[in-house]
Amino acid sequence: MISVCAGLVVVDDKSKIIRLVHYTTQEYFERTRDDWFPDAETFITTICVTYLSFETFNTGFCLTLRDFVDRVRSNRLSTYAASFWRLHIGKASISEKTLEHALLRFLENQAKVDTSWQLRDSHDLLESHVGQGSSLNSSYSYYSHSRFSSTGLTGMHITAFFGLKTVVQLLLYSGKLEVDSRDSPSKRVFSRDVDIVNQGQTPLFYAAQNGHEKVMKLLLDTGKVEINSRDRFRQTPLLYAVKSGHEKAVKLLLDTGKVEVNSKNYRGRTPFGKTQLFGAVDNGHESIVRLLLNTGAVNINQSDYEHRTPISYAAESGFESMVKLFLDTNSVDSDVADKSGRTPISYAAEGGHESIVKLFLNTNSVDVNSADKYHRTPIFYAAQSGSESMVKLLLDTGKIIGDQNHNGFTLFRHACRQKSRSIIELLLDTGEFNYNSVDDGGLTPLWRAAFEAIEAVLEQFLNTKKVDLNCAMKYWKNEESSFHVHEGIVKLLVKAYADTKIDIPPIAAEYIRERWPDILEGT
């Protein structure tokens, strides 16, 4: 074979792929192939679908691995034809009668459609089963998903999924396939370049989730599709188009005036209860949020299973312009609490989204001290995240009150955990927080810093001259503490006792003499 090609092709020793001898030859044929072979794509597509329509494939899915292996070995072109006919058809002339007849003969035969999608999976299937030593006589049922059981996908589903408008037109004109038929739930169809998990969906679902608005229009124009059809998760075509970010597809559905824009989805047995607006927010599709709001029919304050609203998720994700879009409606509840008691500003503060927090503050309608069920306020989440600028922004409102939640986790403790001297400095500068408040571990901020061996922070507290040195002395000999191995920490504490002319507790003095006898000299 190589010899008759006059030296234009070679076989790659490693990949065993036949290729042109030089890239310039490749470039030449790519540039001139339409002149040499103007009908090549039509010809190849016709061969592929004709091959897949052979009588040997009339039996449909193979029920055992042995049958499947035998089929692949006996029909060498089958896997290529099944995998790539849809790619060749993109440049083919569908009006060519031979191809038109071949397509109808293939796509209107359910057994052959089933066979082709099982063949597309051949590489993964053989590698996962034969490669793992599975018996060729093994039979497969639900466990193997679509590999050995029917998917319920028709030619209409497949062509809608890939956006093959002209082929969809051909099938609609023929009229032999149902326009609104559902696939079989819980069957996995493809596992390589495309992946469909059947969910009881119609062709409109497949076109919508992939943004094929021209195919969608063809289907809708038949007047035979249910535009608000729900799959097994109670999701609609509109919700899939929204989540996928296909603005034109969303607009097409909205323009019909027939879609339910506030319908909720469900996932399995758990009621997530998310509407189309949630889908747009979750995926950051601002233009689609705008489309939905412009309908005037969307419930902007609709809550999900966690009692969270769309603006809450937008704030958490840092979508500033989206939050502004909601606020500009003047109908959004910007201070609504979810199931855990958290408000949108709480999520924005935790994420460090200062511009969004400023938007909320400028409304003058949010409670900056709103506490969740654990008594944690927005500034607690900001301190916990170590965001100095966010803590400062909230403190600058002059409205922050309280520094302790019901678990005794103080703002100072959060700052100590983050080893954030700047946040501690901000808190100290306000003069509003109790330096000697005791946290859940029985420690004041001073002793929390000592306990966790944060020398710079400890010094920071000591410099205030307002801390209680006599609190929590029991931790001097606590083996879980860190500071007992840090000489620098002990020196700072001993000096502080000396400066304030307070006697070091006997238990502490004894401990220090055992470890560092020189430190107490002169005190």
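Residue 1 is the first one shown; counting continues down the chain.
Each residue, glycine too, has its Cβ placed from N, Cα and C.
Curation does not apply to TrEMBL; its annotations are automatic.
Keep in mind it's a predicted model, so treat the numbers as computed, not measured.
What TrEMBL says about this one:
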REPEAT    199-223  repeat 'ANK'
REPEAT    233-257  repeat 'ANK'
REPEAT    272-297  repeat 'ANK'
REPEAT    340-373  repeat 'ANK'
REPEAT    374-406  repeat 'ANK'
Distant-in-sequence neighbours of the repeat 'ANK' (272-297), which means Cβ under 8 A and at least six residues beyond its ends: 236, 238-239, 242-245, 247, 250-251, 254, 261-266, 303-305, 310, 313-314, 317, 319, 321-322, 325, 329
Per-state residue totals over the repeat 'ANK' (233-257) - DSSP helix, strand, coil: 17 helix, 0 strand, 8 coil
Averaged pLDDT score, the repeat 'ANK' (233-257): 95
